[in-house]
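Reviewing the structure listed below.
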Amino acid sequence: MSKKVIGILSMAYGTPTAVEEILPYYTHIRRGRPPEEQQLNDLIARYEAIGGLSPLNEITGRQVVGLAMQLASLDPDNEYRVYIGMKHWHPYIEETVKQMHADGITDAIGVVWAPHYSSMSVGTYIKYAQEAVEKWGGPANFKFVQDWHLQPLFIESTARRVQAALEQIPAELREQTPVVFTAHSLPARITQSGDPYPQQIEESGRAVAEAIGHGNWFTGWQSAGRTPEPWLGPDILDVIKEQAERGVKSLVICPFGFVSDHLEVLYDVDIEAKQLAEELGIQLVRAASPNDEAAFLRAVATAVLEQVEKD
Ligand code: FEC
C-alpha cells in the first residue's frame, strides 16, 4: 500500500538575506509602513553588531531538514514533505501554500517555530496560512498545531540547556542564581482579551524549573517594540537592574520564546543585556538556543504527529 503524503508547513519569522533587503523586511514587519530613517539605521547597526546579517535563515533551513528526518523516523508509515513559509520574508507563507497546492498536497499540518501561542504571534502565522489556502483553493485538509509549550521533550531539552548554563556559574553561587525565562514582549493590551501567551510562558518556565529542581526562577520580557503603547513587562534590562540592586551576582537567561540564534537573542541578550549586566557586576549566562539540536527537533516532530493523529 502506498504511503499517505502529508505536507508540513513549518512557519518561521524570516530575515533579510542582504543589507538592501532590511528596508523592505522592516516595512513588512510594520504592516507596510516604512520605518523612519533613524529607525532603519538603528536596525542596520544592530545587524552589523551581530556580524552584518542574521543566521536565522540558515538555522531555519537546518531545522527543516532535521524535522523531516525526525518525522520520517518517528512515523515511517506516512510520507512527510516539509516546507518552509516565512512570516516576513521570502518564501512568504502565502507563496509556500501556493507551492504545496501546486505539488498536489491535500493533507497538511501547519506548525510555527515558536512554542507559545498568542493571537499576535502564532495566531497571525495561522491566519496568513488560512488566507492563502482560501486564495489558492487548497490544500483542502489543513490543520494547525496551536502551541507546543509543554511538549515533554521540549521541556526536557530546554532543562538540559538551562542546567548547562547554570554549570557555568561558580558552584557556590549556583543555587541562589535566578533563572529568567524570557519571550518576545507584546503589547500589554493582549491580556484584556484573555490571550494565553503570558500564562503559557509561566507554565513552560515552571515545568523547566521543576525538571532541574531549581526554585529561584521567574519570567521576563525582551525585545519590546519601539512604540508608545505599554508592552508586557518587566523588560529584561529592568530585571537586571533590579537584581543588581538586590546584590545578585549571577543570572541565567533562557530566551525560550525563540528557537534559534538570531537578532533578538544575539543582540538583545548577548550584547545589550550582557553589557548592562557586566556594568552592574553581574555574571550573565545565556542558555544555548535549541537551533537544530536533535532532541529539540524530536519535540517539534512529536507535536506535529499528535496533530496528525487527531484526525
Ligand atoms: O534575526 C532576525 O533577523 C529576525 C529576528 C526576529 C525574530 C522575531 C520574533 C518575534 N517577533 C515578535 C513580535 C514583534 C512585534 C514587533 C516586532 C518587530 C521586530 C523588528 C525586527 C524583528 N521584530 Fe519580531 N522578531 C525578529 C525581528 N516583532 C527586526 C523591527 C524592529 C524592532 O521593533 O525591533 C513590532 C512590530 C511593529 O512595529 O508593529 C510585535 C514575536 C516574536 C517571537 C515569535 C516568533 O518567532 O514569531 C512575538 C525571530
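From the backbone N, Cα and C atoms, a Cβ is placed for every residue, glycine too.
Just so you know, TrEMBL annotations are computer predictions that nobody has curated.
Sequence annotations record features per position, and here TrEMBL assigns Fe-coproporphyrin III binding site to Tyr13, Arg30, Arg46, Tyr47, Ser54, Tyr125. The Fe(2+) binding site annotation in TrEMBL covers His184, Glu264.
Positions of the features from TrEMBL, shown on the structure.
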residue : record                             : Cβ neighbours (10 Å)
Tyr13   : Fe-coproporphyrin III binding site : 25
Arg30   : Fe-coproporphyrin III binding site : 14
Arg46   : Fe-coproporphyrin III binding site : 18
Tyr47   : Fe-coproporphyrin III binding site : 18
Ser54   : Fe-coproporphyrin III binding site : 24
Tyr125  : Fe-coproporphyrin III binding site : 23
His184  : Fe(2+) binding site                : 24
Glu264  : Fe(2+) binding site                : 21
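Each residue contributes its Cα atom, and for Arg46 (Fe-coproporphyrin III binding site) and His184 (Fe(2+) binding site) these two points are 17 Å apart.
Residues Tyr13, Arg30, His184, taken from the binding-site residues Tyr13, Arg30, Arg46, Tyr47, Tyr125, His184, are distinguished by a CB atom under 6 angstroms from ligand 1.
Put simply, Tyr13 is the one of the binding-site residues Tyr13, Arg30, Tyr47, Tyr125 whose Cα lies nearest to the Cα of His184 (Fe(2+) binding site).
In this structure, the CA atom of Glu264 (Fe(2+) binding site) is 17 Å away from the CA atom of Arg30 (Fe-coproporphyrin III binding site). Spanning the residues Tyr13, Arg30, Arg46, Tyr47, Ser54, Tyr125 that the record associates with binding Fe-coproporphyrin III, the maximal Cα-Cα distance equals 25 Å. According to DSSP, Tyr13 (Fe-coproporphyrin III binding site) is assigned to coil rather than to any helix or strand.
Secondary structure from DSSP puts Ser54 (Fe-coproporphyrin III binding site) in coil.
Under the three-state DSSP scheme, Arg30 (Fe-coproporphyrin III binding site) falls in the coil class.
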